[in-house]
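According to TrEMBL:
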{"type": "TRANSMEM", "residues": "57-74", "note": "transmembrane segment"}
{"type": "TRANSMEM", "residues": "86-111", "note": "transmembrane segment"}
{"type": "TRANSMEM", "residues": "131-154", "note": "transmembrane segment"}
{"type": "TRANSMEM", "residues": "161-181", "note": "transmembrane segment"}
{"type": "TRANSMEM", "residues": "193-215", "note": "transmembrane segment"}
{"type": "TRANSMEM", "residues": "236-262", "note": "transmembrane segment"}
{"type": "TRANSMEM", "residues": "274-299", "note": "transmembrane segment"}
{"type": "TRANSMEM", "residues": "311-331", "note": "transmembrane segment"}
{"type": "TRANSMEM", "residues": "351-373", "note": "transmembrane segment"}
{"type": "TRANSMEM", "residues": "380-401", "note": "transmembrane segment"}
{"type": "TRANSMEM", "residues": "407-429", "note": "transmembrane segment"}
Amino acid sequence: MNNYLSFVRMKELIIVAFPLVMQNSFRMFLGIADKVFVGQLGENSIAGVGAANQLFGLFLTIFFSFSAGLTVLSSQYLGSNKKKEFSMLFSTVILFSILIGVALILIFNMYSKDFLSMMNIKNETLDISNLYFTIIIPTFLFSLLSSNMSSFFISIKRNIFPMMATFISLGINALGDWYFIFVADLGVQGVAYATLIARISEFIFIMFFIIIYFNKKSIPFSFTFDFPKFKKLMKISLPMSIDGAVWQFAMVVHTSLVFLIGVSEVAVFEIMKVFQQLVLTPINAIAAASVGILGTELGKKEFNEARAKSVNSIILSVSLTTLFIFVVIIFKNQIFSLFNIDEKTLKLGLSSLNFIIILIYAQTFNIILPFILRTGGDTWANLLITIIGFWGIQLPLTYLLGLYLSFGLYGIISAMIISESIKGVLFFIRYKKEKWIRDLT
């Protein structure tokens with residue numbers, strides 16, 4: 001282990017990850033800004049917007065996996081200096097994203113309320129959720145394209161460009177929230193408009209950076225669909241897509257179970273996500289940066305170096321989790337004060353925080369380890385572990401502890417801790433088997 005630890009390796013990881021940390025932090029604060037502004041409108045608004053974003057995330061995550069697959073293949077193509085293959089792959093992914101984005105927009109424009117009602121959302125909360133969701137539907141297309149373009153920059157370790165695009169969209173979103181809620185007095189509808197404008201703006205700016213970079217580096221691009229490249233992408237991305245669907249659908253079911261307990265519990269659950277985001281956002285950035293770094297080494301067949309850099313990724317992730325947990329503990333009261341919730345809900349949230357800290361440590365391993373496995377295409381193992389964790393353990397325990405045995409929110413969080421801990425052990429066992437150490441090109 002000591003032979004793998006290296007200041008040079010850690011420095012490279014930090015340099016590549018830093019723009020992603022900033023980008024993901026901007027994106028996180030964009031989401032938190034929405035929740036804070038919505039939090040001024042009451043508990044029904046917090047629950048309704050949270051449910052709408054859960055549904056949005058379900059379908060978006062399914063197809064975000066193609067962005068992850070693009071990063072994996074692009075980093076290995078560029079690591080082995082196969083620029084033509086990379087260009088064909090990139091154009092194929094862009095065309096596929098446009099097709100999927102348009103299809104999702106059409107489907108949800110017709111059936112948005114039907115999908116939301118499946119989450120056990122009732123009455124006023126359902127109306128609020130549907131109002132918000134119908135306005136942000138067009139962002140399916142823009143979010144998919146932005147994700148794929150960001151993946152290109154991640155694969156070439158030029159993460160500053162998506163960081164800049166996200167930073168600009170954050171400013172637009174915050175100003176939009178302020179204007180539409182407090183000046184135009186549009187409530188939840190205003191929050192949705194601000195989100196819509198921000199996501200479109202992010203796409204425009206990142207596309208601008210793509211055009212400039214392609215022209216500067218003389219990278220060819222044409223709207224062509226290469227089926228062999230798509231087949232290779234599907235081989236890697238399909239299990240990730242199913243994995244994302246299983247995970248997000250489980251979270252939708254999970255949220256619907258929380259709704260059965262009460263709106264106050266849903267509000268606390270949404271606020272708890274803010275604490276998780278504050279800690280885990282940098283970890284997601286390190287994991288994403290690791291894909292580009294490890295993929296490049298695998299493409300060059302430097303397998304021992306890839307192994308060593310993976311160890312540094314894990315150690316850095318755990319260290320940062322510990323640091324940010326201390327920050328969250330210090331500022332917990334200030335964070336809760338941002339939301340317009342009653343005293344009972346506040347006490348429930350504060351008493352749940354210790355459980356959330358344990359959960360976050362388990363989730364740290366379950367973020368970094370699957371990303372490492374993906375770099376070598378070991379994606380079916382990720383899928384199997386996700387299915388076992390969510391459908392075999394977490395959801396049954398959620399029903400048993402949270403509803404049947406009436407432990408409420410404490411039972412639900414306990415179920416999550418047990419599930420995430422078992423998943424972490426399984427991911428680590430798979431990581432040690434080193435099935436991910438291989439060249440995919």
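Placement of Cβ uses the backbone N, Cα and C atoms for every residue, glycine included.
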- Item | Dominant neighbour of the transmembrane segment (193-215) in 161-181, 236-262, 351-373, by Cβ pairs under 8 Å | 161-181
- Any contact, the transmembrane segment (236-262) to the transmembrane segment (380-401), with at least 3 Cβ pairs under 8 A: yes
- State, in range form, which of 131-154, 274-299, 351-373, 380-401, 407-429 has the highest count of Cβ pairs under 8 Å to the transmembrane segment (57-74). 131-154
- For the transmembrane segment (351-373), out of 274-299, 380-401, 407-429, most C-beta pairs under 8 A are with 407-429
- Note on the structure: Spatial neighbours of the transmembrane segment (407-429) not adjacent in sequence (6+ beyond its ends, CB under 8 Å) are 254, 257-258, 261, 265, 268-269, 272, 348, 352, 355-356, 358-359, 362-363, 365-366, 369-370, 373, 382, 385-386, 388-390, 393-394, 397-398, 400-401
